[in-house]
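Asks: If you scroll down you'll find the structure; I have some questions about it.
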Amino acid sequence: MENATAVTLLTLSGLDFTLEHKIILFLLTLLWYLIIVLGNVTIIVVIIQDKNLHEPMYIYLCNLCINALYGTIGFYPKFLLDLLSSHIISYAGCMLQGFVIHSSVCSDFSILTLMAYDRYVAICQPLVYHSFMTKQRVTIFVFLSWLLPLYCMFMNTATLLGSRLCGSHIKRIYCVNWMVVTLTCSPPKANTGVAYFNILFYFGHFLLILWSYVYLIRTCLVYTENWGKFTQTCLPHLISLITYSITVLFDVLYMRFGSQNVSQHLNNFMAMEFLLIPPAVNPFVYGFKLTKIQFNCKFILTIIH
């Protein structure tokens, strides 16, 4: 049992490729990461440089893109390095990676919740929208959408610090707190308690999104002239929300109920879907659907050419 306290290095054993396949995967992953960075940075720059886009909806969108960069930087650089070297990560590094990825996922949901509520106020209560969504209130909402996820995931991670490990192999391509818990000699009860609190907290987010869309659809059925605004601004949000929900659900199902009968490659894909699809898809969904974003993107491309 003394050896359990000496475990300071962990092995990410999810990668099982030949050298040739690793090189191909490295190039494809690097290309995909560059697409993610380029797409999100473009949306961020467009919103920051155009004062006409300094409205709540676009401010939330800007933060969604910033969060995508934050979350992916916790995965892609390390994954690319692992493809070219050993799959070793320090215990502290593992905790940090898990914290960054999980807090990004939670912040995504918080920002998507804000965007849903913003659309509810804009379409269902248009007369009070500007008096309610003031700069001060939007700043507070954005601040909380970052602070609360960071705090929730910090508490979740803190409960694992100092835990004695009885294993060093994580069957994933990146660190996940739940997988670290399975390596501890005695899983901390506090971690379970914090996890249940976080689930309840974000279930409240889900209820707020559901409530917002129930009223949005009901309002659009009564006042049909609102359908245009709904499809223009809510459809991209719905696509982002559905994409996010499906990819995160796949990861949760695999993490909790993963089967040994499924190939490791399929497991890896299920585990990283939320790091692959939403960060790349969101900028293009909003870029194509929102007229103001689309116009500014075309303007930037014209300047470049």
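Every residue gets a Cβ built from N, Cα and C, even glycine.
Heads up, here are the entries from TrEMBL:
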TRANSMEM  23-46  transmembrane segment
DOMAIN    39-286  domain 'G-protein coupled receptors family 1 profile'
TRANSMEM  58-76  transmembrane segment
TRANSMEM  88-117  transmembrane segment
TRANSMEM  138-158  transmembrane segment
TRANSMEM  196-217  transmembrane segment
TRANSMEM  238-257  transmembrane segment
TRANSMEM  269-288  transmembrane segment
Asks: Are the transmembrane segment (196-217) and the transmembrane segment (88-117) close, by which I mean at least 3 Cβ pairs under 8 Å that are 6+ residues apart in sequence?
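Replies: The transmembrane segment (88-117) and the transmembrane segment (196-217): touching, yes.
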Asks: List, by number or range, the same-chain residues at least 6 past the transmembrane segment (58-76) whose CB is under 8 A from its CB atoms?
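Replies: That would be 29, 33, 36-37, 40-41, 43-44, 47-48, 96-97, 100-101, 104-105, 107-108, 111-112, 114-115, 118, 138, 142, 145-146, 174, 240, 272, 275, 278-279, 282-283, 286, 292-293.
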Asks: By Cβ distance under 8 Å, which residues at least 6 away from the ends of the transmembrane segment (269-288) in the same chain are close to it?
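Replies: Sequence-distant neighbours of the transmembrane segment (269-288): 14, 32, 35-36, 39-40, 42-43, 61, 64-65, 68-69, 71-72, 75-76, 101, 105, 108, 172-174, 236, 239-240, 243-244, 246-248, 250-251, 253-255, 294, 297.
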